[in-house]
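Here the structure is laid out as C-alpha cells; the discussion comes afterwards.
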Amino acid sequence: MFIAAVLLAGLTAYAGAAAEAGVQAAVVAAAPAERSVLVRGAAAEGRAEKIRAAYEEGAAQERAAHGEADSSTGRPASAGTPAVDSAGTPSANSAGSPGSAGKPGSAGVAGGGWRVSSASYASGWAVDGAGAGATPDSNGLVYADVVVLEELPEHADLASGDWPADQPGKRTAALAEPVAELLGLTTGDTMRLLDRRTDEIVPVTVSGLWRPRDATDPYWLLLPDVFSGRLPQTATHGPIVVSGKTFAADFAEGASAGWLVQPELFGATQTGGTQTPGTPTGATPASGNPAATLSGMTIERVGRTAEIVAAVGARLPEVTGLAASATITTGIPVLAERLDRADLVRRSALVTPVLLLAVLGGYALTLVALLLGEARRGETALLRARGASRRQLAGYAAAEAFVLVLPAALLAPPLAVALVRIVPLPGALRLEPVLTGSVWLIAALAAAGGILALTVPALRKARTYVAETAGRARLPIFRRAGIDLVVVALAVLGWIQLRQYSSPIAGGTGTTGGTGTTGGAIAGVDPLLAAAPTLGVLTGAVLAIRLLPPIARFAAARLNRGVSRSPLLGTWQAGRRAHAGPMVMLALAVAAATVSWALADTARASIDDQAEQTVGADLRLVEEGGVAPDNRLAELTALPGVRTVVPGWRESMPLSAGSDPAELIALDTKAGAGVMLGRDDAMGGPPAEVLAWLAAERKSEITGRTLKSGKIVTTGGPVRTLAVFTDGHRVDLGTSDDGKPATFNADTATATSSGPATSDPATSDPATPSLAGFLVEPFASSDLLGNPITTTWRITGQEGEWQSVTRSGGGAAPDDDGTLTATSRFAVTPVVIREPVPVAMTREAMTDLNATQGATAFLSINSASVPVTVVAVVDRIPGTTGGPAILADRPALDATLFTAYGIAPRTTEWWIKGNPTVAASGLDVLDRAEIAGSAARDPFGAGARVALFLAAFGAVLLAAAGIAADSRATAGRRAGELAVLHTLGAGPRLLARSLVVEQAFLAGVGSLAGLAVGLLVAGAMAPLLVLTPTAVRPVPEPVLQVGWLPTAGSVALLVGVALALSALTAAAAARKLPAARLRLGAER
C-alpha cells in the first residue's frame, strides 16, 4: 500500500512540475507571428494611436469580464508616445525614424501592455540597373521595396556606414545585407530608383548596410523580405530604408502602412540579470523575445490574450477607419490552441504510466486482501457462527484497513515530493515539485482504494461454517469468462479506435491537427484511447489466468513420464491453485515494464528521426542573408571535423493552384550521396542509393571550363562583368566602358573564390568548380529620353563556344569576332545540349503537379519553365518538413537555368558531413545532434519518458512486494499439506524442490506471458501514442523500438526475486516439517 501511494503521489507531483516547465519552453519557442498582431492598410491621421487604443480597450473589457479591477500591467497606460504625425505615417522628424536611436519616444507606442511599431511602404518603384543577383519579372523589371521604419536602430546593427539622415539635396538609404548582395551594392554606391508612374530616375546614395539583431524578433514581420532580400515568388527587392523626410518628400504618393502590435503575453517583469537556461542569447523585452519575460507565463494568460485579439480584430477596421483596406494577421490564437494541445499531450502521455501503476497497485492490494481473507476464513466463519453480522464484520475490516493505510496516506505525499526532487532528469531539466492538493488527493484515493480492497471481502453474503471452511466453489465457465470478455472487448475497441484517430487526444491528430471526434472525452483526452495500452496489458493478464490451468496440467502430464517427482508435484500444485496471484502479478509487472520501456525508447528514437528529417545531414547551414559570400565554402572546409561540404539551394514554389507550396532542393546528388541522411522508409531505400540514381540520370552539365586571363571590351556605357562558377559563387572581373577595356588576371580573380565545390579529405580529392559563364550588367538600360541603350560585349582568352542569353529566354550567337550585342542585362553561357533535369518527388508533389514517374514534367522556377524527369517517387525528402518536396540534381538544374534563361542560382545552404563547431557569422546552424538533444530535454517529452521510467520501476517494486506476500502466504497455507506428504514418505528435499518448481513455473509462465503481452501491446499501440509537444503526429511516423536491455533486466530481476523468495520459503518449510506433523488435525 505504501509503495503504491508513494509512486502515484510522486508521479502526480512530477507531472505538475513538468507541466509548468513545459508551458514556459513552448512559449519561448513560439514563432514571431504567434506573439504579435500585424495590421496593414492605408495610412491616415492618428491611425497608430487608434490601433493601440482599440487593443487597450479590448484588454480593459476582458479584465472587467473577469472581475479584475486592477488594470495595471507593470507600466503606466500612458507610457510611450505615438511616433506618428497627423497623417498617421511616421513623421519626418520622428524619434523612431532611422538615425534617431537614443532620442525620447523611440520605444514606439506602448502602454497598458500593448506595444505598437509602425512602418510605411512606397509603391510603384523599381531599381534601374540592378545587379546580377536580382530576380526581375517577365518584363525585366526589378521592383524596389522602399520603406520608412520606426525603431530600426533598436532592432538592427550596422555592418558598415550610417543610418540614413536628412541631408539637403541628397537622398540616402540603408540597405539590409541580403538585398545589397542581390542588387550588387555596398556603402557609398549610388542606386538608381525608377518611378514607374513618371519614368523619372531618382538617385539614392547607400549610406550603410545593416543586419537584424535577433532573427526571432516579431518586429521583422514588418519587413518580410529582410532575411532574403526579396519577397518570395515576386520580383520585389528590399528593404530599402530611407529617412522620414526623404520618404515624405519623394515616396509618400500611394504609400501604405503597417503596424505591429505586441501584447505583453509573458508577464510584466523581466527575469533578473541572469539569462534563463535554454533561451536565446541576447533576448530582451525590447526585441519581443519572450525568453526575457518569463514571469507570469501561463496558458490562461495566452488564452485570454487570444480572446482579446480576436474580439478587437473583428471591429478594428471600423474603429480605426481602415475599412476594406485592413488586413490583420496574427498567430496568437494558434499559440493559445497549441499550448492547450500541449497540455493535452502532457495529460495523455501521463495516462499510461498512471493507469499501469494504478492497475498494478490495485492488483497488489487485491492480492494482499485475498491472501488475508483466506488466512482468516476460519476466523470469519467462526465469528459469523457466533452471530456477527456483515455490517459488523465490514466495520472490523474497515477499522483494520484504516489503521494500516493511514500512515501511508500521511507519509506518502511529502516523501514522494522529496524523492521527485532527487530523481535524475535528462539534460539540464530543472523541476520544482510542490506539495499541492492534487498530490494529497491522489494519496487519499490510493488509501481509499486500499481500505475498499480490504473491506469488500467482508461484505460477502454469509454462508454456513462448513461452507466457509470447505473452500470456494468454482463458477461456471461462461460466468467466469464474462468479465474477461468485457476487458478483451474494450482492449480491442481501444486499439481499433486508436488506429483510426492515431492519437489518444479527443478528435485525433494529423500532421496539422485532428478533425474527428471520439466523444466522451475527459479534459480533452479520450479515456478509452488513452487507456488502450493498459487494457491491452489487462487482457494479457486475463488470458494468462485462464490459460494457466491447462498449461500446468499439460506440463504435469509431460513431466509424469520422467522419474523425477518434484517437477510433477510442483506443476500439479501450480495447476490446482485457487488463484494465480504471483503469476498474474509477474505478468502484469513484466508487461507494464515492457510497454513502458518500449514507449520511452520509441519516443526517444522518434526525436532522433525528427531531427534527422529536419536537418537531412549531420549539419545543415542556412545563409541568414539568403546568399553565401564567395569565400564561405573555403571557410567551411577549413573547419576541424568537416569531412564533406555540399553547397545547395532551395526554393518554395506552388505546383498548382490552391496547393500547398512545395520545397525544391537543388543538391549535387553525386557529392551528396554520403551526406544526406534519412530513414530508409523515407526514400524507399538508403538516401545514398536514390541520390546515385539521380546522378546517373544527369545528362546536362557545364564542366571542363576554367577562367583564363584576358580582357573585356564593351560599348554603350559602363558595364560590369561577373564570372559565374558551377558552385554558384561569382567573381567580379571589373567594369569596362567605351574605349576602356577591363583587364583581369585569372589567378588573381579566382584567388578569393569559394574553393572546392565539395571536399571529403577522408575519401577524395577536392573538386574545383568549373567556369559556368558570365553575367553582363550594364549600369543603365536606357538613356535620359527612355530609349534603350545597345551594349556590345567581347571577351578574350577564353576557350569554347559562347552565346548570350536574356532573362526572357532569348539568346544569340556572337559575331565573327566574338562580339555579343544586347539591350539589357544578359548572360554569356556555353552552348550545352539541354536535357530534362532528373528529380525525386514526394507523392504529394506528384499529385499536385499531375506528373508520372519516368515522364517529363515542367517546373516554374523563378518564372522560368524547366523540364524535369521524375526518376524516383519517395515518401519524404530529408531536410524538409515532410510535405510536398522535390529533390533536383543541382549541376543539371543550374545548367538548364543558366544556359536557357541566364539565371545563376546562388548557394543558400550547406550540407555537411562531420561534427564541426561552426562559429561563422551570418549562418543559421541546424545541427542534427543538437536539435535532437534539445528536443530530448523538452520538459513535455522528457517528463513523459521519466514518468514511463517511474512506471517501469514501480512495476518491479509492486511485483516484488506482491510476490513476497504470496510466498509467505503460500508457506503458511501449504504447511498442513506438506506435513501430510512428509508423513506419507515424501522427503524434505523433494517437498522443498516441489515448492521451488511451483514458484519457478509460475514465475516463468508469468514472465513469458507478460513479455509476450508487453511486446504485442507495444507493437500495436506505442507508435500511435507518440506525439510532438504541439499534439501532432511526428514526421516521420514513429517506429517501434524495444529497449531489450532494460526489458530483459526487468524480467530477470523479477524472476530472480521470485526464485529467491521461493527458495527461502521452501527452506523454511522444510525445517518446520516435524513441527507441522505434530499439529496435523489441530485446526479440527
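Using the three backbone atoms N, Cα and C, a Cβ is placed for every residue, glycine included.
In TrEMBL, annotation is done automatically, which means it is predicted and not curated.
What TrEMBL lists as compositional bias 'Low complexity' is 86-107, 746-764. Taken from TrEMBL, the feature compositional bias 'Basic and acidic residues' applies to 730-740. Look at TrEMBL and you will find 797-807 tagged as compositional bias 'Polar residues'. Taken from TrEMBL, the feature domain 'ABC3 transporter permease C-terminal' covers 355-463, 950-1072. Positions annotated as region 'Disordered' by TrEMBL: 59-109, 268-291, 730-770, 797-818. Residues or ranges marked as signal peptide in TrEMBL: 1-17. What TrEMBL lists as transmembrane segment is 350-372, 393-419, 439-460, 481-498, 528-548, 583-600, 946-965, 1000-1027, 1047-1070.
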Confidence summary (mean pLDDT) of the domain 'ABC3 transporter permease C-terminal' (355-463):
75
Grab the same-chain neighbours of the region 'Disordered' (797-818) for me: Cβ-Cβ under 8 Å, and only residues 6 or more beyond its ends, written as numbers and ranges.
136, 138, 140, 705, 707-711, 773, 776, 824-831, 864, 898-903
Where DSSP helix means H, G or I and strand means E or B, what are the helix, strand and coil counts for the domain 'ABC3 transporter permease C-terminal' (355-463)?
86 helix, 0 strand, 23 coil
Could you give me the DSSP helix, strand and coil counts for the domain 'ABC3 transporter permease C-terminal' (950-1072)?
99 helix, 0 strand, 24 coil
